[in-house]
Amino acid sequence: MQTLSTPPTAPDASPRNPKIEASKTEEFVPTIIRRKTRSVSVGDVSIGSSHPVAVQSMINEDTLDIDGSVAGIRRLHEAGCEIVRVTVPSMAHARALTEIKAKLAQTYQTVPLVADVHHNGMKIALEVAKHVDKVRINPGLYVFEKPSSDRTEYTSEEFASIGQKIQQTLEPLVISLRDQGKAMRIGVNHGSLAERMLFTYGDTPEGMVESALEFIRICESLNFHNLIISLKASRVPVMLAAYRLMVKRMDELGMDYPLHLGVTEAGDGEYGRIKSTAGIGTLLALGIGDTIRVSLTEAPEKEIPVCYSILQALGLRKTMVEYVACPSCGRTLFNLEEVLHKVREATSHLTGLDIAVMGCIVNGPGEMADADYGYVGKQPGTIALYRGREEIKRVPETEGVAQLIDLIKSDGRWVEPDAEAEITVETESATVQADPVGAGI
Ligand code: SF4
């Protein structure tokens, strides 16, 4: 029979115990402390350092379709995407970027653009580097060695000789980007590690990290530091391990490059969003990550609200109203789902406010998490409106939403829906322009 030992005597956990209060304050700061990184500019967006975590995505139009690409970039930018990536599989695609950029400037505005360069893309990368703000290269594909089925190992000489070929191939691109003050993303993908990395380090986070480091060292040898690093994988645990190992290695080596986070091939729908949030959110919560992309098998603009929701939930950016609502239970005094919906419809443009909708006064006021305003069930047919923790008035439930709006207006915190783009919101880490479209988030 299992014997249970007496539990150790718990320390006095009373909230009035000043020792415990002090240590709580020291150890549990409810703000994410971001890893210190350098600032890298991509057009007029800065990534890293104390800049807000930037949101990016990628159009799925063919870059040769100029009008389609311009429309796709504009759609994404209007949805709140701050940096837009396009794919550049050929020289013709690279040249098309001149026209895309010009048309954007004529018909809309300048948007920070990134070009994705793949297999043996040196010449393409050199051309496109003239037209975009950042070039993304995949170390596993940039100098592509066809895998051979009869190979069993890479000698250190063979490994080094390919390394030299990579150095020669990468140099002109690095020099071009460096001299133009542009940026490069070294974007490692778990699924496309170079064969020599696979043989040497295995199909592992270590292989991903070493692959990135090899390219970083080449850039550093040419005094180029406008680098952003990514180590994406479709499996969240692999992606988490790779980014964490990268941070460890960069710390050891004194490198401070910003990180671009993403779970690649996350799929679609609810699971795609959860998978992305599990990967990206976990790292951000650890203070890791300076720009994010949620990759969904859906229209690219659907990725943007997910990015903003992750950032808002972690307190890293505030681009929408934060709603606090209880799940409802037997004590609930009104139709919570319906009321929350009405409150949201009336107030979702008031970016920066925290509004609580709670079913009863038993737990509601205490659990409103310091919301600016609260709508709380008081008794059947009556609700109480709160400002912070203070009950301001009791009103019939039928007038609840209108009276909440009046209360916000009387505090001078109401703006008309069409004025929302003017709002600027302070977050812990930066000043962020409010999402111009409310982002439907
Ligand atoms: S706040 Fe009240 S109604 Fe809502 S879940 Fe808690 S006890 Fe139930």
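Just so you know, glycine gets a Cβ as well, placed from its N, Cα and C.
Taken straight from TrEMBL:
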BINDING   C326, C329, C360, E367  [4Fe-4S] cluster binding site
DOMAIN    37-308  domain 'IspG TIM-barrel'
DOMAIN    322-409  domain 'IspG C-terminal'
REGION    1-26  region 'Disordered'
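Features recorded in TrEMBL, as mapped to the structure shown.
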residue : record                        : DSSP class
C326    : [4Fe-4S] cluster binding site : coil
C360    : [4Fe-4S] cluster binding site : coil
E367    : [4Fe-4S] cluster binding site : helix
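Remark: of the binding-site residues C326, C329, C360, the most isolated position is C329 (fewest other Cβ atoms within 10 Å of its Cβ). Sitting within 8 Å of the Cβ centre of C326, C329, C360, E367, and not among those site residues for [4Fe-4S] cluster, are the Cβ atoms of P327, S328, R331, T332, M358, G359, V362, N363, G364. E367 ([4Fe-4S] cluster binding site) is surrounded by 13 other CB atoms, counting those within 10 A of its CB over all protein chains shown.
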